[in-house]
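The structure appears right after this line, and notes come after that.
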Amino acid sequence: MPSNKSVSDAPITQFINCRILRDHHLQREDLWVREGRILDPEKLFFDEKGYADERVDCEGSIIAPGFIDVQINGGYGIDFSQPSNDVSSGISLVAQKILEHGVTSFCPTLVTSPPSVYHKVLPQVKVHGGGRHGAGVLGFHLEGPFISLEKKGAHPEQYLRTFSSGGKDDLMETYGGLDNVAMVTLAPELPNSQSAVRELCQRGITVSLGHSVANLSQAEEAVQAGASFITHLFNAMLPFHHRDPGIVGLLTSDQIPPGRMVYYGMIADGIHTNPAALRIAHRAHPSGLVLVTDAITAMGLPPGRHTLGQQVVEIQGLHAYVAGCSVEEALEGASLHPAQLLGISHKKGNLDYGSDADLVLLDDALNVKATYISGEEVWRRGA
Amino acid sequence: MRLVILDDYAQSSEWAAKYICNRIIQFNPSEDRYFTLGLPTGSTPYGCYQKLIQYHRSGDLSFKYVKTFNMDEYVGLPRSHPQSYHSYMWNNFFKHIDINPANAHILDGNADDLEEECQKYEEKIQEAGGIQLFVGGIGPDGHIAFNEPGSSLVSRTRVKTLAKDTIMANARFFDNDLSKVPTMALTVGVGTVMDAKEVLILITGAHKALALSRAIEEGVNHMWTVSAFQQHPTTTFVCDEDATLELRVKTVKYFKGTRTPDTMRDTVECLLQIHKTHVDRLGELP
């Protein structure tokens, strides 16, 4: 049936025979899309007297919001931190490949590098939406160099830095500029970190704590100054101790300013974190869980598949390992929570009316069947 | 009047749905000749709607050439509120069928001029050629739509203040906060429903038993507004056993019919049997 043209000429698509993630539950409900956004069908019916132009039969699939990966260092032979002259094409390649895994938006992550690398790489990539060409780029995640020596992990020691000039100047000097940066991971125990945290937050950049030996008070101060994320919880930080829980203690801290939330990244591959530890974190603070891949260039399997496979396995793993973590919670950990973390949940990470129609169609085992960005199919299994 | 007594809610819902389905199919609506249907809301017709949706899904029934007119809607409640009758109709019926949205009419409780809205609704019904079949329910106090006790039996579509009882009964849908419950509604009048060619009233549950008995065993009385349909040429009351609890045994026996083994064969066939199979013989239903 043709749509009523009273409000808009744009075609309306109705996804039928599906279960959608809405209000934290999987519900047997149709999903309507127009002009790249989720449409309210009741309003369409009563206000516009309109109906669908096209119906897509999902054959019983689950429709979840497209996944958002806020920590991915590269993949498929690409390393985002390599100072090439053409960073864009590397990012584009990865952006395209991760569509197969239901990732519709991501933050290309740069590990600790010398200023020259940041100065060269950052200006080459702008925040941009996704589409057939690949997942959308939400901005860089700069993991380092303002991190702790003791917890550098795989980061190169010689490029670690401190806030010697007092915060803002250090940031600008090191990174060159902060446009197109979505998140910065730093160690809050570094002197003068507070002004850096505030400067970043003022610019709308998410501040994450990681690669740090901060104690709980230092971490809490950073949160009060605006920090809202923990980079790969448990890894590269002091272990939980009952007299000083350290950064991990933020999950249950009572010093978080009202109305604010601390999210935590989790590489739930069963390797970085013991599933039992993962469960403790999830039970303590289920709404803060953010699933990340932290994928790197060279993994045994093609990184993408590891990533996606990892993410999907993680979800399954979460489902299998974490009693009480439902499919819905796992899906939200990969979509809603990262969107909330980045402050973009008004248009991404959910299937609410008005949100961008970035979707992933999954079977019951949570394998990706198809990926959509702004209502357009950008990948389909077997196509 | 026909009184069709089925065993339970499920059976009465199914009978009513088959009846409606048959009427539409027999009418054979088309682009030039729409079937007009009056519709109720509430828990009583829910099962009937479910069945109609099922008939639609199995390909037996299309609403492409059907126009609907709902009985009522609250005043001042946002249309998207989960308790509005617009929401009820969308979620429980319209979104599952193929009706053209332009043909689904519900009174607008947020119109600037409520009286004009009521007037226009009456006009829309006229323009559509009148209602072929008006389906309704009955309140515990015998009201039809929001025509509460005392409503004129020749009333038309208008604004009504809700009875205290109704507001109290509705409170449970508004977090038990009386201040949130709507106090007024727009409703078709008793006269409006009487104008329909045919009327089908659904009544289920023991709490409706008294209302049913007053409606069909006593006189026509504006304190039990459904009683007005005693004066309509073609009215069918569909109910379950529980709704008959206040009726006289004689009334129930008459409509269900008495059956003894030797009378089965050649004497008057049981009325209920006739009614039960009536819906199955018509139309192309499985």
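Even glycines carry a Cβ here, placed using N, Cα and C.
Predicted automatically and left uncurated, TrEMBL annotations should be read as such.
What you see is a predicted model, and the numbers here were worked out from it, not measured in a lab.
A coil conformation is recorded for A:ASP294 (active site, proton donor/acceptor) in the three-state DSSP classification, outside any helix or strand. Using a 10 Å Cβ-Cβ cutoff, A:ASP294 (active site, proton donor/acceptor) registers 21 neighbours. Residues or ranges marked as active site, proton donor/acceptor in TrEMBL: A:ASP294.
Here TrEMBL flags A:GLU143, A:HIS211, A:HIS232 as Zn(2+) binding site. Counting only same-chain residues at least 6 apart in sequence, those with a Cβ under 8 Å from the Cβ of A:GLU143 (Zn(2+) binding site) are A:GLN71, A:THR109, A:LEU110, A:VAL111, A:THR112, A:HIS155, A:THR185, A:GLY210, A:HIS211, A:THR231. When secondary structure is read from DSSP and collapsed to three states, A:GLU143 (Zn(2+) binding site) falls in the strand class.
Feature annotation from TrEMBL assigns domain 'Amidohydrolase-related' to A:62-378.
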Query: Since the record lists A:HIS211, A:HIS232 as binding-site residues, which of them has the fewest other Cβ atoms within 10 Å of its Cβ?
result: A:HIS232
Query: How big is the gap, in Å, between the Cα of A:ASP294 (active site, proton donor/acceptor) and that of A:HIS232 (Zn(2+) binding site), rounded to a whole number?
result: 8
Task: Using the centroid of the Cβ atoms of A:GLU143, A:HIS211, A:HIS232 as reference, list every other same-chain residue with Cβ within 8 Å of it (recorded Zn(2+) site), in sequence order.
output: A:GLN71, A:GLY144, A:ILE147, A:GLY153, A:HIS155, A:THR185, A:SER208, A:GLY210, A:THR231, A:ASN235, A:ALA236
- request: Please report the DSSP secondary structure of A:HIS211 (Zn(2+) binding site), reduced to three states.
  value: coil
